[in-house]
Structures are given as structure tokens and as C-alpha cells.
């Protein structure tokens, strides 16, 4: 049973952001600056970890993968958004839309699992420092990274294939700036029960469970630090954990609110703005929160720059 006239869809039209025409140039400059900051911040982290052997540790293995995931996650949506803000043509092909959906889910999920691995790494380092080397063995670390890549591949493929089975109506306007899964489901004419069931069933292990594991890890870290009270240690713990958890809460809060617990009061404009939080803001903040404030990363940057300066004089 169809809701509207069913037709073969070759392309969609992205409505974009709820921005007035006179403010387009201002927001274009803002989003371009945020995107370039995201790209530069994550590329610097990846290069420093590759160039400095002192950073070849489990934590930085996870961090380099997270930076790559954030780099790609932001690049899935931002270039198209920036292009549409400067162009009169906001179309995206049907194949392009499904491709964007796949990589959006893939890199979003990948970053999600890597955040869990990083939280567990910090938990072991702080709560069981004497056993850190034996627990966080190279085999376990590589296994966690490979598991994250494999699981996200299947999850993204499942939702993309389920979406490809749907028939869409004559209404081809997507009230969003990218091919969002929940928005596409509202445009479908065919039965979306399987898609919605997959979102609910997989939402727990893919989104909620990792979020809870991160919260538990940081709770144990804070509890462990309080057992050996030190004003400097407690201050550092709250500074580190607080900044990490603020970004984690921003990411998971918007994702859970949009996909697992959607509100009937959410307008398309409100959902679009909420999506900006986890597609644009968190990939930009992660390099600053997780690494560029880190003493090891600052040391690596100084060594790389110093080495380059020396080589230029020789």
C-alpha cells in the first residue's frame, strides 16, 4: 500500500539548512572554516603519530584511527553542503545518496567503537597500570581495531541494502543537508517496517551499549583517582574526563535523540540543526580534546618541527 504515487527515483534534492539567503555567505564562511579546522587537526594527528615512534602505543593507535574516521565522517557531508550553499543545483543522484548513507553510517559507527576502545585503554592505564602492558597487548589492540572496522562494515551495509529495497514517491525533496536515514524513510512509499526494526534492534549494541561502556570506564577512572586523593590529580582527572565526556555526551545525545528516541515535536529544521552537532562539531573538537592538548602530542610536534628545521640547515 502506497501513501503517494510511486515512481522510479533517479535523484533527490537536498533542501539544505534553514538559513535565510542574506546569511548564506556568513554561514558558508563559518562552515568552511570549521571543515578546514577538522581536516587540518585530524591530519596533523595522523602524521605526528606516523612520524614519531614514541607515539606507537595502543592509545595512539586508536587515536590515529579515530582521527581518520573523523576526517572521513566530516568529508561525507560537508563538501556537498558547502557546494550546495554556493550552487543553485542541490540535486544528488539516487546512487550518490545511498553511497553517502553507507559511508556516513560506516565512519560514524567506526568513530563510535574507537571511542570505546580509547576509554577502555585509559581505564586500564589508570586503574591497572602494572598490568597495562600485558592487558593492552599488540594482539588485543589490533584485534579491537579490526573488529571495529569489520562490524561497522556489516552494519552500514545492512542499513544501505534495506534502504535500497524501498520504493520512493514523487516527493524527492529531502529536508536535510545530506541523505539522512530517518529522513529518507519518511519519503518512502513502500513498507519501512524492516528498516525501523533494524534501527531499534541494532541501536542498542551499536549506540547505547558503547555509550554506557564509556560512561562506566570514566566513572571507574574517577573512582580510582579519588582513592588516592591529590588535588593536582583530581583536578587533572576532572579536566580530562570532563572534556571527554562533554564531547561524548554531545555526540551520543544527539544521535540517540534523533534515531532511537525521536520526539514528535522535532521539526525538520530542528533535526537538521541537531545533526550539525555530531556531523560537524564533534569531529572538529575531537583533535583538540583527545590529542592537541596532550603533552605527548605537543612533544611530538616540537620534535618533528625541530628535526625539520635542523635538516633545512644541513
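Even glycines carry a Cβ here, placed using N, Cα and C.
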Correct range for transmembrane segment (source TrEMBL, candidates 272-292, 293-313): 272-292
Maximum Cβ pairs under 8 Å to the transmembrane segment (237-260) - stretch from the list 26-48, 101-120, 197-216: 197-216
Chain residues outside the transmembrane segment (140-158) and at least six past its termini with a C-beta under 8 angstroms from it: 58, 61-62, 65, 102-103, 105-107, 109-110, 113-114, 117, 198, 202, 206
Averaged pLDDT score, the domain 'G-protein coupled receptors family 1 profile' (41-290): 87
